[in-house]
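Beneath this line is the structure, given in structure tokens, with notes to follow.
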Amino acid sequence: MLTVLFLGAVVSASSFWDSIILESSNCTTNEFACRNGRCINRYLRCDDNNNCGDASDEENCELHLCKEPRYFRCKNNRCISKSFVCDGENDCEDFSDELKCESFKISEHVNVNTTCEKGHWQCTDKLCIPDDWVCNGQADCLDGSDEGIGCSTKIDCDGYKCNNGHCIPTEWRCDGQNDCHDNTDERDCDNSDEGNLCRPKNISCVNHGCDHACVQLPTGPRCICPEGYHNIDEKHCADINECERYDTCGQRCRNLAGSHECYCDHKYVLQEDKKTCKAIGGEAMMIFSSKNEIRAFTLDSELYFPVNKNLKQVVGVEYDGHHIYWTDIFAEHESIVRSLEDGTQKELIVSSGLGLPEDLSVDWLTGNIYFTDAEKQHIGVCTNDGYHCTVLINKDIQKPRGITLNVNDGDMYWTDWGKPSEIAYSLMDGSSDKSFVSDDIHWPNGLALDYPNQRLYWTDARKMSLESIRLDGTDRRIVLEGIVKHPYAIAVFENRLYWSDWATHSIQSCDKFSGKNHHTIIKESREYIYGMSIFHSALHSRTYNPCAEAYCSDICLLRGTGYSCACPQDKVLGSDKHVCKELSKNQMLILGFKNVLLHVEHQLLGKHDITSLPTLVKNVGSLAFDSINNTLLVSDLDIKKIISTNLNTGFSKQLDIDGLGKITAMDYDPIGNNLYMCDEDKAIVEVINLNTMSRKILLHDMHGEIPEAIALVPDEGVMFVALKKKYNRVSHIDRLSMDGSGRTHAIDHGLIGPMSLYYDADSHRVFFADAGTGNIESTSVDGDDRHGFRSLATSPNGLTSLNLDIFWVNENSRRLFWSAKNSTVNYNKKITLDIPSDVEKLHIISVTSKRHYYSPCHTNNGNCSHLCLMSHKTIMCACPVGWDLDNDSHTCTKREKCEVSEFRCPHSNMCILKSQRCNKHKDCTFGEDEDNCEFPNKCLVGFFQCSNGDCIKEEQVCDHKFDCKDKSDEHSCEQRNKKSGLCDSGACIPKSWECDHEYDCTDYSDEHAQCISVTCSPTMHTCTNGKCIDKTLVCDDVDDCGDNSDEITCYVATQDNCGVDEFACSSNKSICVLNSAKCNGASECPHHEDEKDCSNCNVDQFNCDNKKCIPVEFLCDGMDDCGDNTDEKPELCSHASQSSFTISVTHTSCENGFRCKNGDCIDLEYVCNGKHDCYDGSDEEGLCSTACKTPVNPCSQKCISTPKGPMCKCQSGFKLMGDGHSCEDENECQFDPPVCSQLCNNNEGGYSCDCFNGYSLRSNKKSCKAEGLPMSLIFTSDNQIRILTQRTNSLSVLYSEELPKISGLDVVLYPYHIYFSIETTGTIHRIDPKTRTRQYIEHVGQPQKISVDWSTNNVYFYNAESQMKSISVCNFDEMLCAKLFDVDIHRQVTALAVDSVNKVMFYSLTSWWVFTSPSYVIYKCNLDGSGSHELVKSSSGYVIDLTFDFNKKDLYFIDQHNNHTSMVNYEGKNKTLFFTVISRPLGLRYFENHLYYLTIGGYVVKCKLFDTRSCDQFKVHSHTSDLFTIIQDSLQPKLENICTNHTCSYLCLPSESQYNCLCKDSSVVSSSEKCSVTQRESMDDGSQFKVHSTLIETNNPENKSNTGVVVIAVFDTNFINSSRGCYTNYT
């Protein structure tokens, strides 16, 4: 049994209340109800005998007998709680509870002066009492003088004055009742029964003709009716309906002939007077409030005790038999609260949405709480837990105050102080509302319902009256008027009224009909008595609850004898009238401190639902909300980690982020899925991409400043950062783009700090709180204004927002505050959280999902390899520290991290000692350590500056003599001498670039009219666009010309022949589908158009893929409302039209300009120039006139005035530091993407580009062009090999035979040979296009991939034969083949490439197991198979081709599974993703710092690796090409054949030093060793290779058949399988 501290002692809470209130008892008032149901005489209780049989009559006897020490018996016999003794209050009303107290002085309660204040009367003992207490029948003075001398003739009386001095209403005179208490009001009443007509005989009753009795009166005979009848005329009688009389019965009345009968409701018994009803089942208890206390008073035993103390400002109060409910109207604390009867287990029921809740009434049947709110002007109702609330009536309500419920009939009444004032009525669900009393009513306060007597009572403070009216609106009566002074609350029980009077600070009582028997029962000396409620089980008579089986989703309300369902304000009732549908997202907050996280659900009206979240956090440092995944992000200051907690599942985990310091502020970017962090330890602002977990430092080198708060404005692409000085209390707020650029000083004065920031998307403003000044302010997202919101005496150190309100917390406080955003008065709300009081800092964040707009970052991270960031309203890719963004603007390449004493080689990605820099020796792989070492050019015009700074004449350069001491005058002479062509602009280009069908001059003058036009040969077809194609390609159903002119004269029949019961698929009109197949759940059309627009949802709902229907408002709001995420699909959300904004895929930098509000970028010279250069005028006014004036100017070099504040810029060749105002020299050669296509030299304030050997710098001074003829593209199409030549603009067929599909392709330029393999025939072929001969080797297994070492003509290929997988080598010239090394049978080689310059081979091995994605490993090895090691290893991907840049030693590869191209250097470092490829890629080739790859449909995509890193595509064929390669001199520089005159007994393979020998048994020996004797003998057995060749017949367009060619190849079967015989093929 629960024990509580109550009434100053430990007692049983339940037994105490049971002793007063017994709901199930049927005992009379004079009996005691035992716990076992027996009734005994009340005088037998506590007589030390077990009269009940269960000893319940002997429990709590200290209370019953009012024994010390728990209780105190007053001199006037009242029993009060001992806690009232010596509390300074006259609770006994005779001061007996205060007389013996040390602090009590009677002089403090009496007036030593001669008079009392106005409205009070002075007793003879000098005590002052209210005038209304004088001569009221009760002694209020200590000496009783108010009932003695107080009743003297000196007292004015506006009624009838009794002889004892009492004053009574005039109408009480001669009413047959002793109202004066000395009977003087009933004296001298005219009762004369004699007169002149008593004796006359002629006028007598004998002949008067009465129906019943007759009496002779002085006035003559009169007919008398029997009791219960009345005269209908002079002689006849009729029955009286006594029940129509106002006060016939206390409750119910039944009319009888000549009589009536009073009877009572259930749980009442009729008293001996046959009129009054008395409740049974325990005694009634009154609960009332007096500002900061709630007290209780038992009406019979007059036990007086406190229930709750130290409250704020209690008004309305009610008790339902289980809990005591009250309203609190204290400013910032408006609430509805409840507790148990003894004041314990206090619970906040309604904490939000209240304005001035003056009264409440509890529906004891359903538990719903009804209340009035004068400020909000409505009637509200909440479930008894406060989790569901709604507004019932807000129409025509002005100042509602009192409210009472008629639960038995399901209706209610309330008072309204508005103009006009009234008492109104409605059913309990708010329907059928109407005015009930509106005449002669002024200040209606309290209401009370006497259901057994069917009357409604109210108080009117202006009329100073108590009135009543029948519930049918008739028989309005005044009970008391004038005697009451300022009545407020009212209650009725049994036959008496009870009301509180503010004029007398008392609770008074009188007869409910006549107003007589008026006396005071409770007096307060200081406080008003507000609410009042009486409880007895007899008042709760209705037992059937229709809501018990109603199944309403939220709120069930009584409605007459039935019910209706209701919804909170943010929901709407569905068509079934039972289920509420959400109109908006739940409003959620998270608060954190130490290792605790609290989840707070804020209601428009209702209770804050506060729950604790499970978490791994040890010490909360800051909070952020990932609205995409509904995840809370918490920085833990103890373990220096970020903890992620999924708010759907409650699952927490540590994010894989290392090296964090003290993260004191965070914010989440839902557009890029990025987390921004302020690190106090490191004094940096950092961003981490949660897709890739890549990080980038945005602000650093703060020069003594520390970032302390951050707020992102993702839809604008900007952020605000608050920074504080490390050693003094000064803070400021800067505005930047979210990539860290475009920094301006937004708020730079009047801030002390610490600061907190929050962006409110609804108002589109950034709010900031300053704990030092106590101010909460806001600024626009442009940072160009400043408005105050709240000025507090406290220290706000955290803020956020929900829907309509701003929330904040204070330092060293456990309270949560909020206020409406649009509130113009300094009026706030608050709740106190049930957390320890020693909390230093509370962290707060809104976790309510917002509508998210589609961003390219949502798909494949915006094709960014690392970070996808917003910058204004565009996105950009960014890289972590130590990584550079490549030319494609999407892929990051890792730099080598060098020590302080080292120099980083930017192109070679390696480190060397700084002492090796400019030492005349190329220590970097690409020699960049010797770049930019020359002295500044001091030579005169016509002179050449040597690398060491010396000057020589221009004509001495490249004269085959070393005139410079460092011999630099003879460097690069070959290229210099080739420059003879001249552009019209004056620029020089190599002569070979002229008329090469490529514009090399910036003025396009190198391609002019004098260029010899190219005509097609007789064997070629001339297309309309001038292109030449092989005549065999005409009318082959393929657009080989590119303009379809080769097919335009060829007839192709097309027809849509769908039947009447069919429809054609829109994606392919040749496909006909039955109409019945539409919306059948299966897709018959290629693009599923037959299943579009099929839905069972309502028009205002969205149909999820899982068939669930959700409101259309939930689309693209960042939350998975469907459950299968179909409402958040990028393809759906990218076209969201509601309030959406467009995010450009390509970021347009405005780093060197000014960003207008509308997104336009203008030059800085146009900003603040007095003209509106921005279309929206946002480049003027604001802070233009003051931004750069001293001492405001913070910039070390250039200060640009902007409307948003000063913007610091640096001179050319310098870059702005992290502090936003310092500048340092900038090395353009370290830019990513690179500014130069090949080599870069950094200069002071600039840079210069250079090229590798075999290339010349173009006129743009950035890119390099390969020397020699333009490139040609060789590709296969089924069994054809074609060549697309740029110089002749022609498409030719190099080779075409009826052979199976070609599986591998490569080309060697010197001598010019085309190599290809056919897997199905097990052959490798070599074609000499010049001699028109073809050779092939057979029985080599299943050759798939081939790559040729152009220095030795060795053919490396992958043999895919299932049990003999290997990489092998053949040489056509030596007619030899051998296996180089085996390949695991569970893996396959998917790509193969040979770099002859660096003597290495690359290959990719792919594994693809059941139920898994493919995985790959890329290896590099020497050409003799040695030195194999991994370069790249991935658990997901399928590499289909490899290519390389042998100058920079970079390997490029294309992943068909993940659709992207990547790069890694030859050391396996700096793996970088470059481009996301389109469609299904096929092949990859490198040329002139571009990557080329094929796609389905015959397109070639060309991607630039420097500068803009952009891609273009062009079509080479109408059908998909299978394989391709590019030929151009620069791709295969002439190399020495190391194997010429080799001494190997079998194959010669290049090695790291010279060459090694490959034997038939796959063993590799050095050049000085020989293969085994067995091998040598087998070489002499006549079974070595013999390759025959013959001319290839030229294709005749008139006769498409091919002439047979006999090629005989004899193969050594030991290479394939020793069990095989020797095969000879004849063709």
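Just so it is clear, glycine is given a Cβ too, placed from its N, Cα and C backbone atoms.
Here is what TrEMBL records for this protein:
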{"type": "DISULFID", "residues": "Cys123-Cys141", "note": "disulfide bond"}
{"type": "DISULFID", "residues": "Cys162-Cys180", "note": "disulfide bond"}
{"type": "DOMAIN", "residues": "223-237", "note": "domain 'EGF-like'"}
{"type": "REPEAT", "residues": "322-366", "note": "repeat 'LDL-receptor class B'"}
{"type": "REPEAT", "residues": "367-409", "note": "repeat 'LDL-receptor class B'"}
{"type": "REPEAT", "residues": "410-453", "note": "repeat 'LDL-receptor class B'"}
{"type": "REPEAT", "residues": "454-496", "note": "repeat 'LDL-receptor class B'"}
{"type": "DISULFID", "residues": "Cys918-Cys933", "note": "disulfide bond"}
{"type": "DISULFID", "residues": "Cys939-Cys951", "note": "disulfide bond"}
{"type": "DISULFID", "residues": "Cys946-Cys964", "note": "disulfide bond"}
{"type": "DISULFID", "residues": "Cys958-Cys973", "note": "disulfide bond"}
{"type": "DISULFID", "residues": "Cys983-Cys1001", "note": "disulfide bond"}
{"type": "DISULFID", "residues": "Cys1016-Cys1028", "note": "disulfide bond"}
{"type": "DISULFID", "residues": "Cys1023-Cys1041", "note": "disulfide bond"}
{"type": "DISULFID", "residues": "Cys1097-Cys1109", "note": "disulfide bond"}
{"type": "DISULFID", "residues": "Cys1104-Cys1122", "note": "disulfide bond"}
{"type": "DISULFID", "residues": "Cys1156-Cys1174", "note": "disulfide bond"}
{"type": "DOMAIN", "residues": "1249-1264", "note": "domain 'EGF-like'"}
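Remote same-chain residues near the repeat 'LDL-receptor class B' (454-496) are listed as 132, 158, 169, 246, 250, 268, 276-279, 284, 286, 288, 299, 402, 404, 406, 409, 413, 415, 423, 436-437, 440-448, 502-504, 508-515, 517-518, 528-534, 536, 539 (criterion: CB distance under 8 Å, separation of at least six residues from the stretch ends).
Cys1041 (disulfide bond) has a Cβ environment of 23 other Cβ atoms inside 10 Å.
Of Cys951, Cys964, Cys1001, Cys1023, all annotated as disulfide-bonded residues, the residue with the shortest Cα distance to Cys180 (disulfide bond) is Cys1001. Here the disulfide-bonded residues are Cys123, Cys141, Cys1122; the one with the fewest Cβ atoms within 10 Å of its Cβ is Cys1122. For the repeat 'LDL-receptor class B' (322-366), the list of distant contacts is 4, 6, 13, 16-17, 287, 289, 294, 306-309, 311-316, 372-376, 380, 382, 384-386, 389, 400-405, 407, 412, 428, 446, 531, 540, 542, 545, 547, 556-558, 602-608, 817, 827-831: same-chain residues at least six beyond its ends, Cβ to Cβ under 8 Å. DSSP places the residues of the repeat 'LDL-receptor class B' (410-453) in helix, strand and coil in these numbers: 3 helix, 23 strand, 18 coil. On the backbone, the CA of Cys123 (disulfide bond) and the CA of Cys958 (disulfide bond) stand 130 Å apart.
Of Cys918, Cys946, Cys1041, all annotated as disulfide-bonded residues, the residue with the shortest Cα distance to Cys1122 (disulfide bond) is Cys1041. Annotated pair Cys946 (disulfide bond) and Cys1041 (disulfide bond), C-alpha to C-alpha distance, rounded: 53 Å. Cβ neighbours of Cys162 (disulfide bond) (same chain, under 8 Å, six or more residues apart in sequence): Ile168, Cys180, His181, Asp182, Thr184, Asp185.
The Cβ of Cys958 has fewer other Cβ atoms within 10 Å than any other of the disulfide-bonded residues Cys180, Cys946, Cys958, Cys964, Cys1028. The disulfide-bonded residues near Cys964 (disulfide bond), taking a 10 angstroms Cα-Cα threshold over the set Cys918, Cys951, Cys1023, Cys1028, are Cys951.
Nearest by CA distance to Cys1156 (disulfide bond), out of the disulfide-bonded residues Cys918, Cys958, Cys1016, Cys1023, is Cys918. Put simply, of the disulfide-bonded residues Cys141, Cys918, Cys1001, Cys1023, Cys1174, the one whose Cα is nearest the Cα of Cys1104 (disulfide bond) is Cys1174. Closest to Cys141 (disulfide bond) in space, going by CA atoms and restricting to the disulfide-bonded residues Cys918, Cys958, Cys1016, Cys1023, Cys1109, is Cys1109.
For Cys1109 (disulfide bond), the number of other Cβ atoms no farther than 10 Å from its own Cβ, over all displayed protein chains, is 15.
Cβ neighbours of Cys1174 (disulfide bond) (same chain, under 8 Å, six or more residues apart in sequence): Phe1154, Cys1156, Lys1157, Asn1158, Asp1160, Ile1162, Glu1180.
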